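Annotation source TrEMBL lists active site, acyl-thioester intermediate at Cys99. Residues or ranges marked as active site, proton acceptor in TrEMBL: His389, Cys419. According to TrEMBL, the feature domain 'Thiolase N-terminal' maps to 15-285. As annotated by TrEMBL, domain 'Thiolase C-terminal' applies to 292-425.
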Amino acid sequence: PKTKKTLGKTGVKNVVVVEGVRIPFLQSGTSYADLMPHDLARAALQGLLTRTSVPRDVVDYIVYGTVIQEVKTSNVAREAALGAGFSDKTPAHTVTMACISSNQAMTTAVGMIAAGQCDVVVAGGVELMSDVPIRHSRKMRKTMLTLNRAKTLGQKLSLISKIRPDYFAPELPAVAEFSTSETMGHSADRLAAAFGISRREQDEYALRSHTLAKKAQDEGLLQDVVPFKVPGKDTVTKDNGVRPSSMEQMGKLKPAFVKPYGTVTAANSSFLTDGASAILIMSEEKALAMGYKPKAYLRDFVYVSQDPKDQLLLGPTYATPKVLEKAGLSLSDIDVFEFHEAFAGQILANLKAMDSDWFAQNYMGRKSKVGAPSLDKFNTWGGSLSLGHPFGATGCRLVITAAHRLKKEGGQYGLVAACAAGGQVMVLSSMFPW
């Protein structure tokens, strides 16, 4: 066995994962379509409470990540916590950082515990892509707000008379960069082209993700999934986006973003997903005092940001060597890799960049490459391409999957990475089981 390196830092509490769960991740427009985000988050919190039997009054704080906020429940962490039966004296707040929102929730928890402010924090994330806010046009909003302040009938009629047909055009949410007005799919297509990644390579990787996810599902390895009785519908027990196909079938799909010559398609991209996750994080001392056997330590993490146009999805390449250096580890020390799969092309481009001395020297200011993870250690239970990607909830799935894989495979160190809109990324390392 490997020799364990020194844990923790002087004067800083060790932080551990006790347990993590998620309700099944479902394709948007299916069984969760009539619910609200706090319903999903509440179900994840209740699943965590059932799984761990942790007393609600022991939890010092709750923090959740989300991306597209429901305006009625903007602080979804608070609404979900109250719905799950937590005391109204338990503080809760919501964070947003695109696809790494629940990563931010978890590292917020780590910071609060390490600083001695809390001993027990529940972190999580939620996204409901089946129902997203659609606004009136800005002209219409301005008119309606002014109309609300009008005092006389004459003033109201005057305002109403100024409304024109184009005022009724809705503003739809877009999965696009505000700074570049470019969708992430366009960035993925350009990234794949820049690194010479073919359509076939992307389809092969996507097929790998679905095949491995189906195998993990069938073998009962996805132990973080808890059943959810959807009101008025059946109980949902598993992710419904896992669908191994064939290279022939995938090859029939047309480019989704750059037409007609792009290589990114619906088959090699993550799909719009509804879901929620929750993870119980404690100081090591508190966990042991309560009789829990931690699943993993949360040791070091880094966030980095890159150019949101040309390097939107390359964050894992930049962040991985930084977190390894911070933790005093090398790539060969890592037994389990869990990377968020936004697009197959994004994953393959990062693997190529990580394995390139030229890229390291010309773009990262490093003398040599960090190296690419072996696929034998990489997302071996499937990933976001197959299991689904509820924007705000994926980070917790990555962490608890890494912990379960470490235990199953007898590993010691794990590394989690996820890219996000805005050219940002979070990498968390290193974790090892009790």
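Glycine is treated like the rest: Cβ placed from N, Cα and C.
Just so you know, TrEMBL annotations never went through curation; they're auto-generated.
Taking the features listed in TrEMBL, we show where each one sits on the structure.
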residue : record                                   : CB count, 10 Å
Cys99   : active site, acyl-thioester intermediate : 30
His389  : active site, proton acceptor             : 27
Cys419  : active site, proton acceptor             : 32
Checked against DSSP, the composition of the domain 'Thiolase C-terminal' (292-425) is 57 helix, 27 strand, 50 coil
How many whole Å apart are the CA atoms of Cys99 (active site, acyl-thioester intermediate) and Cys419 (active site, proton acceptor)?
7
For His389 (active site, proton acceptor) and Cys419 (active site, proton acceptor), what Cα-Cα distance in Å is obtained after rounding to a whole number?
12
